[in-house]
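Novice: Feature table excerpt (TrEMBL):
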BINDING   A:TYR15, A:GLY42, A:LYS109, A:TYR132, A:ASN176, A:ASN281, A:ARG377  substrate binding site
BINDING   A:TYR72, A:ALA108, A:LYS109, A:TYR132, A:ASN176, A:TYR207, A:SER235, A:PHE236, A:SER237, A:ARG246, A:ASN281  pyridoxal 5'-phosphate binding site
DOMAIN    A:34-394  domain 'Aminotransferase class I/classII large'
MOD_RES   A:LYS238  N6-(pyridoxal phosphate)lysine
Number of protein chains: 2
Amino acid sequence: MALVNENFLKLKQNYLFAEVAKRADAFKAAHPDKKVISLGIGDVTRPLPQACIEAMHKAVDDMSRPETFKGYGPYRGYDFLCDEIAKNDYKARGVDISTEEIFVSDGAKSDTGNIGDIFSKDNIVAITDPVYPVYMDTNIMEGREIKIIPCGEQSNFAPIPPDFHADLIYLCSPNNPTGSVIKKDLMKAWVDYAIKNEAIILFDAAYERFITEDDVPHSIFEIEGAKSCAIEFRSFSKTAGFTGTRCGYTVVPKGLMAKTADGQKTDLNAMWYRRQSTKYNGTSYIIQRGAAAVYTEEGQKQINESISYYLENARIIREGLSAAGIECSGGINAPYIWVKCPDGMTSWEMFDKLLNETAVVGTPGSGFGEMGEGYFRLTSFGSREDTIEAVERIKNNF
Amino acid sequence: MALVNENFLKLKQNYLFAEVAKRADAFKAAHPDKKVISLGIGDVTRPLPQACIEAMHKAVDDMSRPETFKGYGPYRGYDFLCDEIAKNDYKARGVDISTEEIFVSDGAKSDTGNIGDIFSKDNIVAITDPVYPVYMDTNIMEGREIKIIPCGEQSNFAPIPPDFHADLIYLCSPNNPTGSVIKKDLMKAWVDYAIKNEAIILFDAAYERFITEDDVPHSIFEIEGAKSCAIEFRSFSKTAGFTGTRCGYTVVPKGLMAKTADGQKTDLNAMWYRRQSTKYNGTSYIIQRGAAAVYTEEGQKQINESISYYLENARIIREGLSAAGIECSGGINAPYIWVKCPDGMTSWEMFDKLLNETAVVGTPGSGFGEMGEGYFRLTSFGSREDTIEAVERIKNNF
């Protein structure tokens with residue numbers, strides 16, 4: 001009989017969001033009169049920038065005429081998009097990334113998941129706790145040894161390079177779920193660690209656009225030496241509201257090397273190209289046109305408005321909770337606020353108290369790893385009105 | 001140092017299309033006066049159906065308003081699309097497939113490539129020769145043992161169940177590159193083989209829409225017992241011109257099982273759901289709306305017009321070549337015509353002769369596997385005018 005990949009059986013069932021939905025639904029059924037507000041969702045709610053809308057209408061029309069119709073596109077993505085990425089996301093920040101180093105995709109989740117294809121099962125993988133579950137689950141699926149980097153209060157929830165050796169390291173800054181960041185000095189320490197350990201950092205910068213502080217790198221490639229030890233993942237999901245539109249990209253520097261068991265150095269850019277050209281057929285032309293419009297003057301103005309809106313929500317939550325004596329962090333360079341559950345409550349106790357006493361839904365931190373126990377994630381992706389009301393309710397009840 | 005997946009080093013560089021382009025470009029440079037016609041391309045050229053265009057305009061507008069905006073969609077795809085697939089592609093042909101068995105994606109290439117994630121490296125894989133290279137390359141990447149099923153003239157280039165055992169079998173009907181089909185009786189023999197060998201058939205039906213003959217199943221699930229031994233891949237690429245728009249889907253029947261090394265049966269539908277929800281974040285809402293419009297009355301009319309157009313091109317090529325005494329097959333249920341190189345020419349000799357003497361570009365059959373040597377692929381995706389002219393030129397020169 002055909003054999004399954006047994007590593008799948010080692011995966012934990014991720015009941016987190018299902019359980020959240022179940023308890024919230026039960027509460028709604030019992031209290032049909034109460035307005036439940038969700039600050040649990042990790043998804044955007046504001047519509048796409050008008051510049052993207054217009055560009056996609058035009059692209060749809062291109063597909064309606066033989067002379068402008070587009071069939072299979074370039075595997076790496078269209079130059080009209082890659083050129084804008086190279087110019088705006090990198091050159092503008094003093095980082096030299098060429099279009100041949102950029103691979104457009106349907107999103108950072110696919111890329112952070114699929115990147116494992118080019119690496120051996122024998123690498124030791126380092127993953128933070130708390131963590132975005134994709135890094136953990138994809139490496140369990142592939143049967144790699146995983147070591148944990150605990151991220152707690154002492155380091156403001158940022159990951160500190162460990163004493164142990166790792167070959168592949170997943171870092172996410174600004175961080176989901178904690179909203180913490182890796183500042184410039186710490187990022188430098190990570191690049192040093194990777195070079196010393198001949199490791200590759202898999203750097204997830206999906207929330208880069210929320211950075212407001214100067215000493216937080218937007219790209220790991222702002223750090224000298226990073227092009228010899230890092231791959232970077234970016235997304236239009238949170239930058240421009242593309243969670244349902246689907247576009248992201250991955251930067252694999254030319255000359256970035258890993259090796260075979262007998263020490264032969266192998267070019268990862270060429271390997272990722274081979275992976276993508278074999279198992280992916282490019283991102284929709286229409287969607288790439290939409291993503292390119294993010295870089296127009298109007299596009300930039302419009303996404304900045306949305307990001308500011310979400311960051312203002314984050315400020316309202318953060319300051320409101322602090323005023324109520326509830327300890328929290330994040331929300332300055334990220335859409336996530338990481339709340340310390342008061343009075344020694346567990347994450348789920350906090351969830352139940354919040355739901356039952358204020359009709360506000362959040363996400364228990366323990367769902368993101370053991371280190372998340374005793375914490376709680378709130379997000380700034382709701383409407384202003386709901387955010388203000390939720391914070392008022394919490395203030396009045398805690 | 002981080003270790004690479006060394007299986008990548010076993011991949012052959014696929015120089016086929018690069019070499020085709022190189023020789024065609026050299027010819028064009030040497031003969032700027034001659035009009036070169038390509039019948040080599042495996043990509044559609046006719047614009048998207050108007051129904052899809054209108055649906056995508058509407059979907060783009062949905063993304064511009066908060067009340068209709070869509071964030072993350074369902075992992076399996078929206079019901080508005082899955083329901084149409086179940087109804088039109090299956091129920092209408094007497095096949096009972098539920099929406100929970102359908103997984104919408106960005107295309108059949110991704111799915112036929114990624115499906116390997118849920119299977120053990122220890123399966124024996126059977127692949128036809130000639131073959132669409134993705135099946136071969138992805139299994140080389142994953143380090144599986146591959147056995148070849150030669151498909152030659154004796155069987156009209158259709159694959160016959162072999163004497164050897166295999167655990168996973170890739171079948172493609174209508175076939176790329178040969179244009180051959182697996183008729184009902186033969187498909188039944190394959191299902192019997194799979195059941196006897198406790199194997200899984202990975203059935204690629206990307207060209208299903210080109211079928212014109214009654215005894216050719218459109219879906220492997222038309223064969224009794226197939227739901228216990230097959231996964232099916234479908235695509236809107238050739239059906240509706242979506243090669244650059246990107247949408248396809250995969251059907252994994254509920255209750256389809258494979259096993260662990262110690263014999264524990266495991267549900268593949270649940271495993272593929274876990275794979276997709278972990279490493280994929282859904283297909284763009286806009287694109288899914290476009291795909292759903294394929295199933296409207298206008299959509300069906302419009303795609304039928306395009307398919308008829310391509311099939312008429314195929315008829316012109318097939319009959320023209322036959323009239324010139326050149327043996328060929330395919331082109332009746334497929335957009336591909338598989339030409340036997342006359343006078344014992346090799347595939348590349350035929351390529352050069354055709355290019356130099358008629359300024360027509362095709363694809364050497366040897367690029368699809370050893371059994372393709374001595375054959376040549378022509379496609380019907382050109383314009384009517386070019387197709388007629390190319391055939392005239394060939395007739396006058398051979």
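Easy rule for this one: first residue shown is 1, then count along the chain.
Placed from the backbone N, Cα and C atoms, the Cβ positions cover glycine too.
Burial and contacts for the listed features, if you can.
Specialist: Taking all protein chains in view, 23 other C-beta atoms sit within 10 angstroms of the C-beta of A:ASN281 (substrate binding site).
A coil conformation is recorded for A:ASN281 (substrate binding site) in the three-state DSSP classification, outside any helix or strand.
Around the Cβ of A:LYS238 (N6-(pyridoxal phosphate)lysine), a 10 Å sphere holds 26 further Cβ atoms from the protein chains shown. A:LYS238 (N6-(pyridoxal phosphate)lysine) falls within a helix when secondary structure is assigned with DSSP.
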Novice: Do the recorded positions A:TYR15, A:TYR132, A:ASN176, A:SER235, A:LYS238, A:ARG377 include any whose Cβ comes within less than 8 Å of a Cβ in chain B, and which?
Specialist: none
Novice: At the level of the C-alpha atoms, what whole-angstrom distance separates A:TYR132 (substrate binding site) and A:LYS238 (N6-(pyridoxal phosphate)lysine)?
Specialist: 15
Novice: Within the chain of A:SER235 (pyridoxal 5'-phosphate binding site), which residues six or more apart in sequence place their C-beta under 8 angstroms from its C-beta?
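Specialist: Within the chain, A:SER235 (pyridoxal 5'-phosphate binding site) has Cβ neighbours under 8 Å at A:GLY107, A:ALA108, A:ALA206, A:PHE242, A:CYS247, A:GLY248, A:TYR249.
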Novice: Taking the Cα atoms as reference points, how far is A:LYS238 (N6-(pyridoxal phosphate)lysine) from A:GLY42 (substrate binding site) in Å?
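Specialist: With the alpha carbons as reference points, the distance is 9 Å.
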Novice: Could you state the CA-to-CA distance between A:TYR72 (pyridoxal 5'-phosphate binding site) and A:LYS109 (substrate binding site) to the nearest Å?
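Specialist: Computed Cα spacing between A:TYR72 (pyridoxal 5'-phosphate binding site) and A:LYS109 (substrate binding site) is 23 Å.
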Novice: Report, in whole Å, the straight Cα-to-Cα distance of A:LYS109 (substrate binding site) from A:SER237 (pyridoxal 5'-phosphate binding site).
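Specialist: Cα to Cα, A:SER237 (pyridoxal 5'-phosphate binding site) and A:LYS109 (substrate binding site) are separated by 10 Å.
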Novice: Provide the three-state secondary structure of A:TYR132 (substrate binding site) computed with DSSP.
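Specialist: Going by the DSSP assignment, A:TYR132 (substrate binding site) belongs to neither helix nor strand, so it counts as coil.
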